[in-house]
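Note sheet for the following structure.
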Amino acid sequence: MIWHVQNENFILDSTRIFMKAFHLLLFNGSFIFPECILIFGLILLLMIDSTSDQKDTPWLYFISSTSLVMSITALLFRWREEPMISFSGNFQTNNFNEIFQFLILLCSTLCIPLSVEYIECTEMAITEFLLFVLTATLGGMFLCGANDLITIFVAPECFSLCSYLLSGYTKRDVRSNEATTKYLLMGGASSSILVYGFSWLYGSSGGEIELQEIVNGLINTQMYNSPGISIALISITVGIGFKLSPAPFHQWTPDVYEGSPTPVVAFLSVTSKVAASASATRIFDIPFYFSSNEWHLLLEILAILSMILGNLIAITQTSMKRMLAYSSIGQIGYVIIGIIVGDSNDGYASMITYMLFYISMNLGTFACIVLFGLRTGTDNIRDYAGLYTKDPFSALSSALCLLSLGGIPPLAGFFGKLYLFWCGWQAGLYFLVSIGLLTSVVSIYYYLKIIKLLMTGRNKEITPHVRNYRRSPLRSNNSIELSMIVCVIASTIPGISMNPIIAIAQDTLF
């Protein structure tokens, strides 16, 4: 009898929770319509996988890509709408959040074609891979719109858990297992430090969790200049630093890049930085409004260390993925300049513009790495020697993306860096911009070294891996090459049409 009553109470409680969730979704669903599209895509993937056989795998890719494209379309239709706060203040929609969500969706849309042939060749589980990618994308989108401390913690954990699973997806690979272990341990430690910083903010503001209410609470309690805020600032900087992976919080990056499946690395290398940058700008700019000098100093130190260490250590690398890992550490140093400049002097606009170009440059380079790895089974930089003689398209595409990463005119990377450094110079960050210019010259050296290997035509320098390289026929419609074409175009053409891109980026205000 007691069990029967308890069972009825459980059913009633579950029904109330479900009805409350349905009520929230019904009245607030329009605010998260792009996210709802991804959720429905996830449900469809599960239904198709459980009711069909392996022959229906093209449908899985189609549903994943379609849900991402539809989500992008929904975001574009919502552009320029008035800022709105929904879900009892937990979520905010405005142009600033939406452009970061667009960048995350764009990354995921380009990464799925990169993964098709890789998954088929390595015989990885397709459905789970796509589920993790879409769920990580969903977590990144919620993080961009998060407006309170709880959502800011839960959303990146959703992204991080999927990232851990993706990095260890090739369970039989020892390097993949090692990468996952390091990633998980350091990710758990950083999350703990982040929560510790949030607890100081929560206590100092008098129990507030919404970002703007925290500012009001700090004013009411007169705690905005207290030592507790300094502790919160340092702890939150460390926690977010793990997601952005600037020096000295970069230790996990090279090992995870080298050990994880290459399409996963391509996905993580851009989406994690976009989502973390969106979160960092809101956290530093709103709750720490009264401590702007302190967090500016912290970020300047991180930017200098990242630009110097990342680019110098990248020179010594022999693996393409490890080289790009250290290159990404240097690149995030450039992005931090935009965060420091802030909304004044177009700092955020320059950061968004550069991140858009960085996505295309980075994914285009990873597309070549995925293709070369599938054809040869190697990742060593020296083994790329003479690739132009066997696959001119792949070699030229990789060369263009690397030149754009180095900031060579008239490619997109040059104009992105020029705009970013110019905004930093106008804001008075002369030393920081000077370091950025010098380290950009250093980066050009190791990018050109790789390009020289790609273009060499002397038989004695062509490696056995390239001699045995088999290019896929044009009629096979290789999805990797499709992504590569899109990324190469985006890495070159936008350089001569910067004004519309900058105008859109400047329209992103809190």
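Heads up, the Cβ atoms here are built off N, Cα and C, so glycines get one too.
If you look up Swiss-Prot, you'll see 24-44 (among others) marked as transmembrane segment.
Same-chain neighbours of the transmembrane segment (57-77): 33-35, 37-38, 40-41, 44-45, 48-49, 98, 101-102, 105-106, 108-109, 112-113, 116, 126-127, 130, 133-134, 137, counting only residues six or more beyond its ends whose CB sits under 8 Å from a CB of the stretch. Annotation comment: Swiss-Prot describes 57-77 (among others) as transmembrane segment, evidence class sequence analysis.
The feature transmembrane segment is assigned by Swiss-Prot to 99-119 (among others), with sequence analysis given as support. Beyond the transmembrane segment (99-119), the same-chain residues lying 6 or more positions past its ends with a Cβ under 8 Å from any Cβ of the stretch are 34, 61, 64-65, 68-69, 71-72, 75-76, 126, 129-130, 133-134, 136-137, 140-141, 144-145, 261-263, 266-267, 270-271, 274-275, 277-278, 352, 355-356, 359, 363, 366-367, 370, 374, 478-480, 482-483, 486-487, 504-505, 508.
What Swiss-Prot records for 124-144 (among others) is transmembrane segment.
Proximity of distant same-chain residues to the transmembrane segment (149-169), defined by a Cβ-Cβ separation under 8 Å and at least 6 residues beyond the stretch ends, is recorded for 90-91, 124, 128-129, 132-133, 135-136, 138-140, 142-143, 176-177, 179-180, 183-184, 187, 191, 194-195, 198, 201-202, 209, 211, 214, 243, 256, 259-261, 264, 267-268, 271-272, 275-276, 279, 283. Residues or ranges marked as transmembrane segment by Swiss-Prot on the basis of sequence analysis: 149-169 (among others).
Annotated transmembrane segment per Swiss-Prot: 183-203 (among others), in sequence order.
Annotation comment: Swiss-Prot describes 229-249 (among others) as transmembrane segment, evidence class sequence analysis. Sequence-distant neighbours of the transmembrane segment (229-249) (same chain, 6+ residues past either end, Cβ-Cβ under 8 Å): 156, 186-187, 190-191, 193-198, 200-201, 204, 218, 223, 272-273, 275-277, 279-280, 283, 288, 290-291, 294-295, 298-299, 302-303, 305-306, 308-310, 328-329, 332-333, 335-336.
Using a Cβ-Cβ cut-off under 8 Å and counting only residues 6 or more beyond its ends in the same chain, the transmembrane segment (295-315) has close neighbours at 233-234, 237, 241, 246-250, 284, 288, 323, 326-334, 336-337, 339-340, 429, 432, 435-436, 439, 442-443, 445-446. Summarising the annotation, Swiss-Prot assigns transmembrane segment to 295-315 (among others).
Using a Cβ-Cβ cut-off under 8 Å and counting only residues 6 or more beyond its ends in the same chain, the transmembrane segment (323-343) has close neighbours at 244-247, 250, 253-254, 256-258, 265, 269, 273, 277, 280-281, 284-285, 296, 299-300, 302-307, 309-311, 313-314, 317, 350-352, 354-355, 358, 362, 365-366, 369, 381, 405, 417, 420-421, 423-424, 427, 429, 432-433, 436, 439, 443, 446, 450, 509-510. For 323-343 (among others), the entry in Swiss-Prot reads transmembrane segment.
Annotated transmembrane segment per Swiss-Prot: 354-374 (among others), in sequence order, evidence recorded as sequence analysis.
What Swiss-Prot records for 395-415 (among others) is transmembrane segment, and it gives sequence analysis as the kind of evidence.
Among the features that Swiss-Prot reports, transmembrane segment is placed at 484-504 (among others), with the record citing sequence analysis.
With a threshold of 8 Å between CB atoms, the same-chain residues lying at least 6 positions outside the transmembrane segment (395-415) that come near it are 327, 331, 357-358, 360-362, 364-365, 367-368, 387-388, 440, 443-444, 447-448, 450-451, 454-455, 484-485, 487-488, 490-496, 498. At the 8 Å Cβ threshold, with sequence separation of at least 6, the transmembrane segment (354-374) comes into contact with the transmembrane segment (484-504) through 3 or more pairs.
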